[in-house]
Amino acid sequence: MAPRCWRWWHWSAWRRTRPPPAGSTPSVWQQFSTQEQGPQICVVGSGPAGFYTTQHLLKHHPRAHVDIYEKQLVPFGLVRFGVAPDHPEVKNVINTFTQTARSDRCAFRGNVVVGRDVAVSELQAAYHAVVLSYGAEDHQALEIPGEELPGVFSARAFVGWYNGLPENRELAPDLSCDTAVILGQGNVALDVARILLTPPGHLEKTDITEAALGVLRQSRVKTVWIVGRRGPLQVAFTIKELREMIQLPGTRPMLDPADFLGLQDRIKELPRQRKRLTELLLRTATEKPGAEEAARQASAARTWGLRFFRSPQQVLPSPNGRRVAGIRLAVTRLEGVGEAARAAPTGDTEDLPCGLVLSSVGYKSRPIDPNVPFDPKLGVIPNMEGRVLGVPGLYCSGWVKRGPTGVIATTMTDSFLTGQMLLQDLKAGLLPSGPRPGYAAIEALLSSRGVQPVSFSDWEKLDAEEVSRGKGAGKPREKLLDPQEMLRLLGR
Amino acid sequence: MVLNALRKVLEDVQPDSVAVASGSDGACEGTLACSTCHLIFEEHIFEKLEAVTDEENDMLDLAYGLTDRSRLGCQIYLTKAMDNMTVRVPDAVADARQAVDASKNS
């Protein structure tokens, strides 16, 4: 307990700078006056952007305190809900995040929906600075007729389903057809193709949900087409993921050499990343496999292929109109070269029969609060190097700042940059001076609104439960899917 | 396998480098799933390193500031021959800014 004279100093200093908000009780200020005097910072979102921003702030300011708010009951964002179950090494970053969360200058506040349970303006009043790191939870729609038919899903929802995102647990995709079409040629498209085609036995020891594993075991999907509206030089996936597809057990690739005519000559001018990727595509499409690989391919029961210069025009219904039976694709040609080349229609179309359509054409952020500027065209919060335009004290990092592309390491570098800008502003006296109550003020608001925040040690209890449930099946964890069950386990 | 001695030096000399800030052995903890342990070696050291694999090259493709003497630190075993070598750590960010002079950890 702080000495009484120090508490009085804080109380009187606060009164000189600003009157306490109407309706606040003295106990709130007494609480805050015993807290350390460092800047109180609020981060919204507990995925890589939120955690790396927090890590930077804690490391570069010895007294800063950071509260991380999260709408889910559990932390880690896309590391938990986006990264594929067969890529566990990518999830190692969770160990670093856990260290950050366990710092005594950091507190995780889960089950709080900023924008609904608490307004950004209320956070700004309680903290010295607020960082928005809430990512991109919507998918880019196809905006074509037939998109609403049963059997059409966003890759986002499909990934959420096999990764245990509570809102996608009832997805129930029907995998009884023999052909699936994935629209889009990024790493998410390859993840979805790989999960559809991997022999289910290979997924048994991963953290894929038991429900999804059961559905995949019954799957009759034999062929997956991964369709892009541009050409081989514009594919958005990276070489590691392509290599995995090529080597996928029980499958063989179908690439049309005609799509690669003339590319051999252009490869040498390409920058390294694009060059190596295109070389691998070209080899796979045009070279005769060695004896061993040929035998492996001959015995493969499942196939995958890349289709280029095809843009989705309409999802075609079955005769009774009740589900998807195919997709009409517009044939395109390229205008321009390189990464900036655009697909233009030729007027021709092509129908591709299928029973499942997964659209993987990008994510989109949502505006979080009427008082936070948002650019609906770009789908980001307007900002300059992480400082939200026109709103001092408000920052952003990660996908909501730069758009929804890039891997964890990209987001990490970006988050450190935002953290750097915030601390620069703090040092330059551009942030509110004088003490701020931080969570002490927000806790009261949440409580009065019936919101039950979940702490990091609550998460650790749920974590232990998931790990324990996975043990019997040899899985790293069995994810909890029902928020009500999770709250019950926490005694709420 | 991490260059443990190198990590200690980096922590003292370049604590803001991505290689250190990303966490022990880099963000993916040495499993070839990221490029945060990207290091740049002197020519005479570089050419004696064990051959780079496709898998390491796949991750190097994504590294910022790649050079023709770049390797991923998590794949390099320290040897006696590396005594007194100089290793460069790439800038963490694209636009070189002056380091923020905020209070640092003691």
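Quick reminder: no glycine exception, Cβ is built from N, Cα and C everywhere.
Binding site for FAD per TrEMBL: A:Glu70, A:Leu78, A:Val114, A:Trp399, A:Gly406, A:Val407, A:Ile408, plus A:Ala49 from the candidate set A:Ala49, A:Ala141, A:Ala440. Just so you know, of the binding-site residues A:Arg229, A:Arg230, the Cβ with the fewest other Cβ atoms around it within 10 Å is the one at A:Arg230. Here the binding-site residues are A:Glu70, A:Val188, A:Arg229, A:Glu241, A:Trp399, and none sits under 8 angstroms from chain B, going by CB atoms.
Cβ packing within 10 Å was compared across the binding-site residues A:Glu70, A:Glu241, and the lowest neighbour count falls to A:Glu241. The closest partner of A:Gln185 (NADP(+) binding site) among the binding-site residues, by CA position, is A:Val407; the full candidate set was A:Val114, A:Trp399, A:Val407, A:Ile408. With respect to their backbone Cα atoms, A:Glu70 (FAD binding site) and A:Arg229 (NADP(+) binding site) stand 36 Å from each other. Long-range Cβ contacts of A:Gly406 (FAD binding site) within its own chain (separation 6+, distance under 8 Å): A:Trp399, A:Asp414. Residue pair A:Asn187 (NADP(+) binding site) / A:Leu78 (FAD binding site) shows a Cα separation of 14 Å. For the FAD site listed in the record, the two most distant Cα atoms among A:Ala49, A:Glu70, A:Leu78, A:Val114, A:Trp399, A:Gly406, A:Val407, A:Ile408 lie 25 Å apart.
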